[in-house]
Amino acid sequence: MLGFLKEPVVVTAKINVSLVALTVMGLMSRLWGLCYPRAVVFDEVYYGQFVSLYMKRIFFVDDSGPPFGHMLLALGGYLGGFDGNFLWNRIGAEYSMNVPVWSLRLLPALAGALCVPLAYQILAELHFSHCAALGAALLILLENSLITQSRFMLLESILIFFILLGVLSYLKFYNLQKDSAFSGSWWFWLLLTGVACSCAVGVKYMGLFTYMLLLTTAGLHFWHMIGDQNLSNVSLLCHFLARGLALIIIPMGLYLSFFYVHLALLYRSGPHDQIMTSAFQASLEGGLARITQGQPLEVAYGSQITLRNVLGKPMQCWLHSHTNTYPIRYENGRGSSHQQQVTCYPFKDVNNWWIVKDPGMQQLVVSNPPRPVRHGHIVQLVHGITTRYLNTHDVAAPLSPHSQEVSCYIDYNISMPAQNLWRVEIVNRESDTDVWKTILSEVRFVHVNTSAVLKLSGASLPEWGYRQLEVVGEKLSKGYHQSMVWNVEEHRYGKSQEQKEREVELHSPTQMDISKNLSFMAKFTELQWKILTLKNEDTEHKYSSSALDWITMDTNIAYWLHPTSGAQIHLLGNVATWASANAAALVYLCLSLWYLLRRRRKIYDIPEDAWQLWMSAGGICGGGWAVNYLPFFLMEKTLFLYHYLPAVTFQILLIPVVLQHLSDHLCRSVLLKSMFSALVVAWFSWVYFVYCTFSPVTYGQPVLALAELRALRWKDTWNILIRKQ
C-alpha cells in the first residue's frame, strides 16, 4: 500500500530561459529609479486627485473612462499606506513624506515590464520563430515612450498590458482548439481572454477597440468552424455558447463589478456629486443626504417643495422666484407682462420653495391624513415667500420669443386673467396611478390652458434678471427632454396657514431621520451615462497634437523639468523603432496587395501555410494598429501623443513579422540571407543607439549639458526645454 514511498517523487519543469531573461530585463528597465523624480509628473496631477479621493472615500466622476484603472492606482496608494493628504495642484510639486511614490508608481511599472514577455509570447503563438519573437520583445523593451509612460502613475501601460494579455490569451485558446477543445487549459485561456478584455475596457474606453477586434476574429474563426463537417450541430452549439459566455457575458458582469466596487468605496459626498441627480446625491453620506434625510416620501397637497431641473446644464439649478418683475419693455422694444419673475437659480435659497396647492381648496397646509398627488392630477404651485401663483400665458419669453413667458401672477386689475393650473406628469412612473415621490419621481408640468411645458431654456437673463437662468413654457413639445423634467429635492409637510409663520417654517432646515437609497443598477446607469456624456470644455493645450503628428512623431510631451539642474523627462518614442514600424506597415500592405493580385491569377508565390501565417499576423498586428489609431480621426477631443501608444505597440510587433517573411521567402540564396541578417543586426544596433541617446530624457538622469540637450532636438517640432542662462 505504501509502495509509492519506495521511489523518490520527481518534478520536472521546462523553463524558457529567454522568457525569464526578458522578464527580468523588463522589470529592471521599468523599476530602476522608480521614485525619481520625487515630484508630480505631468498627468500624475490629474490621477493623483482621484487616488486621494479614493483614500478619503469621496465620490467623484471622471469623464475620461471607467473606474478600474483608477482603482488599481488607488490600490498602490493603499498598499503603501497613503492617507490621501496631498494637494495635487501643479506639475513639478515636490511630494511630501506621506506620499508613497514607489508604491503609487509600482503597478503601472509592473504592467509595462510584463508587456515585454507578452510580446515574445504573442509572436511565438502566431508560430513565428524564436528570433522573431525575441526581436519583438527587445523592441518593446527598448521603446523609450513605453518606458516613460510606464514609470509614472499613469494608465496607458496598464491598458496596453491588458490588451496584449487579451490577444495572447485568445491566440493560446485558438491554438488549443484543434486538439484540446473544452479541456481545462482551453477553458482557462478562453475565460482569460474575456477577463483581460473587460479589464482593458475598464481601464480606458480605448480598450474597446481591441476587444472588438478579438470579437470579430473569434466570429470569423467560428464562421469557419460552421463549415467543418466533422463537427456536429450539438458541438457547434456548445462552442457558440462557450464563446458567448466567456467573451460577452463574463466581461459584462466583470465590467459591472468595477462600478460596484467603485460605488461601494466612494460612499461620501464631495464636489463631483453636484452633477448627479438628487436621488444619487441623497444616497451619499453627507451633502444632500444630510438635508433630505427624514423627508416625507409622498408629495401631498400642502407640501412645501424645492424643484431641481434634471438636466443639470449649464449648471444645476432650482425653480425660483423673487419680488422683482419683468421689465415693461426689453432692450429690443418688445413688451412683457410685467409680472413677477420666475427663473432657475443655481444656489440653495429660501426663494426656491413652492407650495403644492389643490385648486379646489384654499388651504396651504397638509391635511390629516395627507392627500398624495398622483400622475395626471391638476395642481397650483404657490411661491412660498411671495404667495403668488406660478403662471404662464401667451406672452413671449424674454430670451426665447418662440416660447411662452413663465411668471408669478400679479393681479393688475386688467384683462390678463390668471392661468395657473398645471398637470403633473410623472415620466418615470410604473403605472398611471403612481404617486409623486420626493427625489425619485421625474415630473413634467403641463400648463392646462396652453399645453405648454415648464422648461429650462438654459439662457442667462440680463442684469435685470440677476444673470439667473431663463424658465419658459415650451409650446411645441414632442416627447420630453431633460430640460423639461423636474424632481422634488427638499420636501416638508406644511403646517402653518399664516404667512409669517410659514416664512419661519421655510427658513428652517428639514428634519433628519432616515436616508433614501438607490439600487446599484440605478446608480450604475446614471454614472455610466454621465461618464459618456459629460465633456469638459475643450481647451488648447501646449502639448496637444493631431493624429497625423503621431505617425512621424512630430510631437513630444515634456513631462517634468527639474527646478534647478535642467534634468527633464519627455514622452518621446524611439525614432528608429517608429520609422521601422511605419516602413513595416507599408511593406506589409504592399506585399499583401501584390500577393492578392497574383493569387487572383492563380499564381502562388508562397506556400499556403505561409500565406495563412502572413494573413493572421497581419490581422492581429496590423489590425490592432488600425483599430487603435484610425478612430482618433473621428474624435472631437484634445489629443496627446500617449493616445497613440496602444496602436504603435501593435505596429512594433509587425516589424519582426515582416523581417522574418522577407528572410524566409524573398532572400532565396545563402548570400542574400547572410546579407539580410547583417542588415538586421546593423538596424537593431541603430535602435539600441537611439534608445541610449534618449535615455537621459526617458529616465530624467543623468543631467545633460545645454549642448547635449540641443543635440537631442532632432526635429524642429520637438520641444526640448533649454534653460536661459
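Backbone N, Cα and C atoms are what each Cβ position is placed from, and that goes for glycine too.
TrEMBL lists 12-32 (among others) with the feature transmembrane segment. For the transmembrane segment (12-32), the residues of the chain that approach it from at least six positions outside its boundaries are 106, 109-110, 112-117, 120-121, 130, 134, 137-138, 141, 147, 150-151, 699, judged by C-beta separation under 8 angstroms.
Look at TrEMBL and you will find 68-88 (among others) tagged as transmembrane segment.
For the transmembrane segment (100-120), the list of distant contacts is 18-19, 22-23, 25-27, 29-31, 34-35, 38, 48, 51, 72-73, 75-77, 79-82, 133-134, 136-137, 139-141, 146-147, 149-155, 157-158, 160-162, 164-165, 168, 649, 652-653: same-chain residues at least six beyond its ends, Cβ to Cβ under 8 Å. Per TrEMBL, the feature transmembrane segment maps to 100-120 (among others).
Long-range contacts of the transmembrane segment (126-142) within the same chain: residues 18, 22, 25-26, 29, 115-117, 119-120, 171, 574, 577, 613, 616-617, 620, 649, 652-653, 655-657, 659-660, 684, 687-688, 691, each at least 6 residues beyond the stretch ends and with a Cβ under 8 Å from a Cβ of the stretch. Summarising the annotation, TrEMBL assigns transmembrane segment to 126-142 (among others).
Under the heading transmembrane segment, TrEMBL lists 154-174 (among others). Taking Cβ pairs closer than 8 Å, the transmembrane segment (154-174) reaches residues 42-44, 47, 69, 72-73, 107-109, 111-112, 114-115, 118-119, 121-122, 125-126, 146, 185-186, 189-190, 192-193, 196-197, 199-200, 203-204, 206-207, 210-211, 214, 217-218, 221, 620, 624, 642, 645-646, 649 in its own chain, all 6 or more past its ends.
The transmembrane segment feature in TrEMBL is assigned to 186-215 (among others).
Sequence annotations record features per position, and here TrEMBL assigns transmembrane segment to 236-261 (among others).
The annotation domain 'MIR' is assigned in TrEMBL to 296-359 (among others). Counting residues per DSSP class in helix, strand and coil order gives 3 helix, 30 strand, 31 coil for the domain 'MIR' (296-359).
Averaged over the domain 'MIR' (370-427), the predicted model has a pLDDT of 90. Per TrEMBL, the feature domain 'MIR' maps to 370-427 (among others).
Annotation source TrEMBL lists domain 'MIR' at 431-491 (among others).
Beyond the transmembrane segment (575-597), the same-chain residues lying 6 or more positions past its ends with a Cβ under 8 Å from any Cβ of the stretch are 139, 142-143, 551-553, 605-606, 611, 614-615, 618, 622, 625, 648, 651-652, 654-655, 657-659, 661-662, 683, 686-687, 689-690, 714. The annotation transmembrane segment is assigned in TrEMBL to 575-597 (among others).
Annotation comment: TrEMBL describes 609-627 (among others) as transmembrane segment. Within the same chain, residues 122, 126-128, 163, 167, 171, 209-210, 212-213, 217, 585, 588-589, 591-592, 595, 599, 646-651, 653-654, 657, 661, 664-665 sit at least 6 positions outside the transmembrane segment (609-627) and bring their C-beta atoms closer than 8 Å to a C-beta of that stretch.
Per TrEMBL, transmembrane segment is recorded for 639-659 (among others).
As annotated by TrEMBL, transmembrane segment applies to 671-691 (among others). Distant neighbours of the transmembrane segment (671-691): 135, 138-139, 142-144, 574-577, 580, 659, 662-663; these residues of the same chain sit at least 6 beyond its ends, with a Cβ under 8 Å from one of its Cβ atoms.
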Which residues of the same chain, at least 6 past either end of the transmembrane segment (68-88), have a Cβ under 8 Å from a Cβ in it? 40, 44-56, 62, 95-96, 98-100, 102-108, 153, 155, 158-159, 199, 202-204, 258, 261-262, 265
What are the DSSP helix/strand/coil residue counts across the domain 'MIR' (370-427)? 0 helix, 26 strand, 32 coil
Would you mind listing the long-range same-chain contacts of the transmembrane segment (186-215), meaning Cβ under 8 Å and 6+ residues beyond its ends? 64-69, 72, 155-156, 158-159, 162-163, 165-167, 169-170, 172-173, 176-177, 180, 242-243, 246-248, 250-252, 254-255, 258, 620, 623-624, 627-628, 631, 643, 646
